[in-house]
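> Taken from TrEMBL, the feature active site applies to His417. For 499-579, the entry in TrEMBL reads domain 'Carbohydrate binding'. Annotation source TrEMBL lists signal peptide at 1-27.
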Amino acid sequence: MRNCKLTPCVLVALLLVGVLHLEAAMATDFTYGEALDKSLMFFEAQRSGKLPSDQRVKWRGDSGLTDGLAQGVNLVGGYYDAGDHVKFGLPMAFTVTMLSWGAIEFRKEITDLAQMGQTLWAIRWGTDYFMKAHPQPNVLWGQVGDGDSDHYCWERPEDMTTPRTAYKIDENHPGSDLAGETAAALASAAIAFQPYNSSYSALLLVHAKQLFTFADRFRGLYDESIGSAKNFYTSSGYSDELLWAAAWLYQATNEEYYLKYVVDNAVYMGGTGWAVKEFSWDNKYAGVQILLSKVLLEGKGGAYTSTLKQYQAKADYFACACLQKNEGYNVYKTPGGLLYVREWNNLQYVTSASFLLAVYSEYLSAANAKLTCPEGQIQPQELLSFAKSQADYILGKNPKSMSYIVGFGSKYPVHVHHRGASIPDVSVLQSVVGCVQGFETWYHRPQANPNVIYGALVGGPDQNDNFSDDRSSYEETEPTLSGSGPLIGLFSKLQSTPIKFIHSISNTWSIGKMTYYRHKVILKNTSQKPVTDVKLMIENLQGPLWGLSPTPEKNTYELLQWQKVLQPASECTFVYIQGGPQAKISILSYH
């Protein structure tokens, strides 16, 4: 049989007739509100201390009720860090900062989802603990439990037999990074609580100011004062945390002192010097740069405008590197499209970057500004679209078709590296599970965990999108606080995006060795307001497309003239034909 080329005429015929009707709907949008609710439940599963009566995670019980007792201080409460039972102050504080930033930036979205109460509870479980851990202006208890001894045992938190040693920083044993991040957490929480509990907000601010002064006056790395943290959360420096704390205190107080601090120390502390491709519990520079860009974009720079522009240039570098628009100096992406930063628990870097891009999109949109990259100007909506692509990967749109958030979707990890989830709760297994017995009976058990730890974001796949659902593969299956902190704001924003896609394959056929697909895409306005001037970017398009109008800009399309306005609950459809994977579709802009 001679080869047959697929001409436009043949394409049209196939488009209209179709050899095989295959309405295989592939949802490209998820119920982000459900993902948000489950993510909040993860924080309840991580609670240490006396649990409240409205605790939703019933397989957890009271634990760590004598924390700090041997040192003469009340350190009951706070959060366990990951699948273990150590309360590490630095990542816990970063997590609370991320929760608070989400509550600040996306307050309307979280409120519309009726989740503000739960979000504030998640924040307060951390901030109440931080204030207890800060009994004097220049003292901060930064850790409870020892990682080494804790990791020798596999037991429920309710059965803990490992030492609950507490560690602090003070004037003679400083920790500017730890004190600075805790100050940032309390300052951002003060803003989040201000509309709801002004007296609590004011109390948070008192502690935040004292901790910043302590961090600035008595400088040093916290892991040199708390040596047992070094093998688990080694600090790369404290300059970023000092800038970070000052930036948040400026947001909370509007006092010029703090803005002057970040400007005067911009060069010395690396704020305008470090161009980074990571935002994490250890490296806050991108967060500082984007937070200070807000001051500039709001027109509040005043005499500090020139330095704030330098901060924004570095903010742009980070965003462009994530979007792969940075002339090769980009964040690595897996073949499946996931940002890949580190081998160990990579998804925590994905969630923090995606959250930052969503926030920066907000700031740029509010100022009617664009992102300037080496490869051209980018509409703010494209930052949000990229953040959405990362969230969608996490929720199941990936080569494994697996949700990396436990309990979300039909396929998710069931051998999570988490002590409490892997052993039946005390109401089911009433005998104490000993340190070694936990390993022998439960850690090496091939069956799924008896407790589903809803909302836990596991470490995630490797650089080739491979994932091993194995309790012993802790790099991939262990959840962390710092990975989940950014998700509350991100999911609330994505749930509020007015335009949803429904992507399906309505026909498929083969000609020779090639298989072709008729892709059908429905755009639906899920908001209560009309949406106008929708612009889409469609990349990797190989064949013809019907139902949209091309624009002079490369790969950019708009709705047909008679569909310029999408009324609430209305939808429009376009189709295209090609072999292989579907085209990449993202929203560039809308009004």
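Backbone N, Cα and C define each Cβ position, glycine as well.
Note that TrEMBL annotation is computational and uncurated.
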> Specify the count of other C-beta atoms within 10 Å of the C-beta of His417 (active site).
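The Cβ of His417 (active site) has 25 Cβ neighbours within 10 Å.
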> By DSSP assignment, list the helix, strand and coil residue numbers for the domain 'Carbohydrate binding' (499-579), in that order.
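Secondary-structure breakdown of the domain 'Carbohydrate binding' (499-579): 3 helix, 52 strand, 26 coil.
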> Over the domain 'Carbohydrate binding' (499-579), work out the mean pLDDT and round it to an integer.
84
